[in-house]
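According to TrEMBL, the protein carries these features:
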type	residues	note
COMPBIAS	56-66	compositional bias 'Basic residues'
COMPBIAS	67-81	compositional bias 'Low complexity'
COMPBIAS	82-96	compositional bias 'Basic and acidic residues'
COMPBIAS	97-106	compositional bias 'Polar residues'
COMPBIAS	132-160	compositional bias 'Basic and acidic residues'
COMPBIAS	580-616	compositional bias 'Acidic residues'
COMPBIAS	622-645	compositional bias 'Acidic residues'
DOMAIN	185-335	domain 'FACT complex subunit SPT16 middle'
DOMAIN	458-548	domain 'Histone chaperone RTT106/FACT complex subunit SPT16-like middle'
REGION	1-160	region 'Disordered'
REGION	579-645	region 'Disordered'
Amino acid sequence: MLADTIRITGGEPIILTDSPKTRKEIAFYFEDDENDENDKQIKDEDEDEDEIKSSSKSKLKSKPKSKSSSDSSSSASSNDVKSAKSQKDSKPKKEPTSNIVTSGGANSRVLKAKLRAEQRQSEDDNSQIQKEIQKELHSKRQKEGLERFNPEDAQDGSEKRVVFKKYESYIRDTQIPNNVRDLKIHIDSKNQTIILPICGRPVPFHINAYKNGSKSEEGEYTHLRLNFNSPGSIAGSRREELPYESGNDKQFIRSLTFRSKDSERMAEVLKKITELKKESIKRELDKREKADIVTQDSLIQSNRPLKLSDVYIRPSPETKRLPGTIAIHQNGIRYSSLGRSDAKVDIIYSNIKHLFFQSCKGELLVIIHCHLKTPIMIGKKKTFDVQFYREASDITVDETGNRKRKYRYGDEDELEQEQEERRRKAALDKEFKQFGEHIADASNGLVDLDIPFKELGFQGVPSRSAVLCMPTRDCLIQLLDLPFMVITLEEIEVAHLERVQFGLKNFDLVFVFKDFAKPVVHISTIPMENLEDVKAWLTDVDIPFSEGAVNLNWNTIMKTIQADPYQFFVDGGWSFLGDGGDDDGSGSEEEEESEFEVSDENPSDEDVASEEEYSEEGSGSDFDEDDDDDDVVGSDDEPSEDFSD
């Protein structure tokens, strides 16, 4: 309430509180677009206050000649004030509008309802725009698929036929070892051959012809059974290569059994044969794994290369974890370990597909990551990703009881440690980011440094554990936990959202690549609150997506597409995933919601009515009066009527 302090003198009264007091001059409003209504109401109230003040001042100006005159003047002034107030009260009151903001929250309900409606309208507009963009992206993918494939791309059964892989133990008889004349079982590890005595002659069998073996004891003899590959013995297997050459003119030995009284000798022979078979299988797997490795160009070293020290590498070329140094050379970078001088990893600029820098803000590591076009060998591992990192946090020691505690109290030490950690992380980010920029500059445009957008990231499980998947300009990455995930956005054909239904807390995201031979990538257990953000991001990067309520068998789907990709797009392409099914589902939900109406009746009345209906149903009125069970049914009616009352 505003009041004035007035000093009454023999002459004209003096107003001591000479300062602005009207609402227009002392009130502050935070809604700029709603000032018109506020100003209008404030102006009306200020006019009323001015009338009251002018009437009071005019009475105060008249000099009080006597007590009676002063009493009469005070009563007159009070009457004037009352009349002014009555005139103010007699004015029609304005209805409160949603534009007026009050601190007490009287109109907050109306204002929030208006804001929710506006927000809902904007969300509907964004959803409609997103649907139109997705419709265009799906039609674009359909058109590209028809242009990319033709009917000749269909595969027939002959292309998947397994072939026989030839193998040979010895080219000439003279290559057979001389010690086989004793007619015992010998294992030639150098030539991967088992030499078995058959009918008094040593017969060689390549380890690829061997299938498995077993040992059993009967009395004083130990029996050794050796099984070999033959037609019908590997039925139903998915092998791409046959271990034998099939044909009607071919004859096969399915198994051989040997016996001996020396059980230790037979156990040793079976062990050596098993180890030789394991080595052969491992050798074939390594050979197949290294088939796509391309030999890199030789590194051209610089005289004074720029270096970054105290850096660790993943995967490590050695078992022991030791720091190393990265050096920037003319056509690539080289990592050198401090533990071993020969432990070096060379990466050529032309083989780097993506180069990432990830800050240590909120994390424990600062990272420079290289995703390669073709894999390289680091130690005995083939990898597409090479990561250089340094730990951002150091081990802190609590100095409780030292001299500092005598003069410092509270959390000063903890605050200093936090500030020091922030400074250290900022320095690490600056150092690694500058080094990554130097790598990009030295590549002469072959490599660009890409930085993830952490604010757009979402939690998911791409492999074994939940991690933060973050989009970048060109990729979707996860660089903290092994195995790393780097998905190039340009290589994605379509994205599918699985388990999107009401009541579930998580959903799954599946990426299908344009190269249908590559397996799809699953990111599971994404929180449902990130659904709209993921949809918006996919739309922004021009990736068409679809939704589904269940998980699909993608192995079967991709095999069907690879069999005849042209026919797949002729039949509608990715429309089978249900990209347009959202409208139907929303319509059915609206119909279901429209059927529900709130009843004003008392729920207890409904219960009583339902009980009466139940009692009437069990009363036997549906039966004929001539039935023999009328008395029984009628006797059951009485307690039901008493219960309903």
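Note: Cβ is positioned from N, Cα and C throughout, glycine not excepted.
Predicted automatically and left uncurated, TrEMBL annotations should be read as such.
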Are there residues at least six beyond either end of the compositional bias 'Basic and acidic residues' (132-160) with Cβ under 8 Å to its Cβ atoms? List them, or say none. 493-494, 539, 542-545, 562-570, 572-575, 579
Within the domain 'Histone chaperone RTT106/FACT complex subunit SPT16-like middle' (458-548), how many residues are helix, strand or coil going by DSSP? 16 helix, 42 strand, 33 coil
Under DSSP, the compositional bias 'Basic and acidic residues' (132-160) has how many residues in helix, strand and coil? 24 helix, 0 strand, 5 coil
Taking every residue in the domain 'Histone chaperone RTT106/FACT complex subunit SPT16-like middle' (458-548), the average pLDDT works out to 93
